[in-house]
Amino acid sequence: MKTYITTYSNIQQKINTRSAHIYAATHIQRCKKTGHNFSMEINLKKLWVSLIVLSAITTSAFGDFGGPLVKGFYKESCPLAEEIVKHNVEVAVLRDPRMAASLLRLQFHDCFVLGCDASVLLDTHGDILSEKQATPNVNSLRGFEVIDYIKYLLEEACPLTVSCSDIITIAARDSVFLRGGPWWEVLLGRRDSLKASFSGANQFIPAPNSSLHSLIINFKQQGLDIQDLIALSGAHTIGKARCVSFKQRIVQPNMEQTFYVDEFKRHSTFRRILRSQCKDSSRDNELSPLDIQTPAFFDNNYYINLLKGRGLLISDNVLVTEDHEGEIFKKVWEYAVDQDLFFIDFVESMLKMGNINVLTGIEGEIRESCRFINV
């Protein structure tokens, strides 16, 4: 048996090498899809692209007080910040592979309530009622101890410098990459909120039995569109869900719809398997993989499962069963046959989500402990 030795240097070398390959492949794929081979037309459009990118950054990544989210925000103030996060996320995922999905989910549940400000990490204390106790999070959301430990190490290295909200953002990116997904440069410079919203967590985090209409409205409230909904739903290619989250899907008849003749009753068989696993309330906390095909890998099998009627949650399956105009189904099909396209769109939507109502400049604070506001 091989002995796996984890060090900062070999992790950094491995991640940097793989990142370069994926990053290059992604951009080559994008160029191929345009049909142009670095032609004069691309050169003529460079100025317009630069202006569009600059406009997007200045409009979505600046806080009310003018502090931008930027690449390499901690390059001078805490140069090892991203390396420390990467190393400890890898250690956590090696110990518990499911932790990758948990850390990714943590960013979703943070950004959908008040914005990407680490409010989800606050414990109940004083006037603060923790979002951890809200229905979508209680006995479900994980990864807090991993974030706590990373924060402890960062405070030792660079006191009151790296925000908890930026730690969540970096950890989510690294979790996706460690499970075989894309790597991208995150924009940093967020600050941490001084409050939490228990009611907001109950109101704005999508429920596992949501209708398509509810999902579209919910994402729109966060400034995200249908394209973002489809791409970000692909996060369910990793992770697991409790029986209580999909019980309604297996007890109600005619919940499935597939786009091929189910000659061998495969989706019915899938449903019977789920029913046997979650046969009564004593098994409400039993876990089942969100992606039955490749549960440990970040890939496009989630979308293939949807086309076969094998999405685990009702909120997964409605992307195809309630799409009466067929536009969402078309995109699901595109992702099912083109993983590179899914990766490109997922990264763009993650960057967009990571800019929801961020605190920058002199807003909020840099917490010393992610669980409590500073005294």
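Quick reminder: no glycine exception, Cβ is built from N, Cα and C everywhere.
Remember, predicted model here, so these are calculated numbers, not experimental data.
Contacts of HIS109 (active site, proton acceptor) defined by a Cβ separation under 8 A and a same-chain sequence distance of 6+ are given as VAL120, GLU131, PRO136, ASN137, LEU141, ALA201, ILE205, in order along the sequence. The active site, proton acceptor feature in TrEMBL is assigned to HIS109.
The Ca(2+) 1 binding site annotation in TrEMBL covers ASP110, VAL113, GLY115, ASP117, SER119, GLU131.
Summarising the annotation, TrEMBL assigns substrate binding site to PRO206.
Around HIS236 (heme b binding site), the same-chain residues at least 6 positions away in sequence with a Cβ under 8 Å from its Cβ are LEU290, ASP291, TYR302, GLY311, LEU312, LEU313, ASP316. What TrEMBL records for HIS236 is heme b binding site.
The feature Ca(2+) 2 binding site is assigned by TrEMBL to THR237, ASP291, THR294, ASP299. THR237 (Ca(2+) 2 binding site) has a Cβ environment of 29 other Cβ atoms inside 10 Å.
Residue environment of CYS158 (disulfide bond) contains 17 other Cβ atoms, counted within 10 Å of its Cβ in all protein chains. According to TrEMBL, the feature disulfide bond maps to CYS78-CYS158 (among others).
The Cβ of CYS111 (disulfide bond) lies under 8 Å from the Cβ of GLN222, MET353, GLY354, ILE356, each of these being in the same chain and 6 or more residues away along the sequence. Annotation source TrEMBL lists disulfide bond at CYS111-CYS116 (among others).
Long-range Cβ proximity for CYS370 (disulfide bond), meaning a same-chain Cβ under 8 A and a gap of 6 or more residues, is found for ALA118, LEU121, LEU122, PHE144, ILE147, ASP148, LYS151, CYS164, ILE167, ASP192. Annotation comment: TrEMBL describes CYS164-CYS370 (among others) as disulfide bond.
Residues or ranges marked as disulfide bond in TrEMBL: CYS243-CYS278 (among others). Sequence-distant neighbours of CYS243 (disulfide bond) (same chain, 6+ residues apart, CB-CB distance under 8 A): GLN277, CYS278, ARG283, ASP284, ASN285, GLU286, LEU287, SER288.
Under the heading domain 'Plant heme peroxidase family profile', TrEMBL lists 68-374.
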Rounded to the nearest angstrom, how far is the Cα of PRO206 (substrate binding site) from the Cα of ASP299 (Ca(2+) 2 binding site)?
-> 22
Please report the number of other Cβ atoms within 10 Å of the Cβ of ASP299 (Ca(2+) 2 binding site).
-> 20
One should report the C-alpha separation between CYS116 (disulfide bond) and CYS78 (disulfide bond), rounded to whole angstrom, as 21
Summarise the model confidence on the domain 'Plant heme peroxidase family profile' (68-374) as a single mean pLDDT, whole number.
-> 91
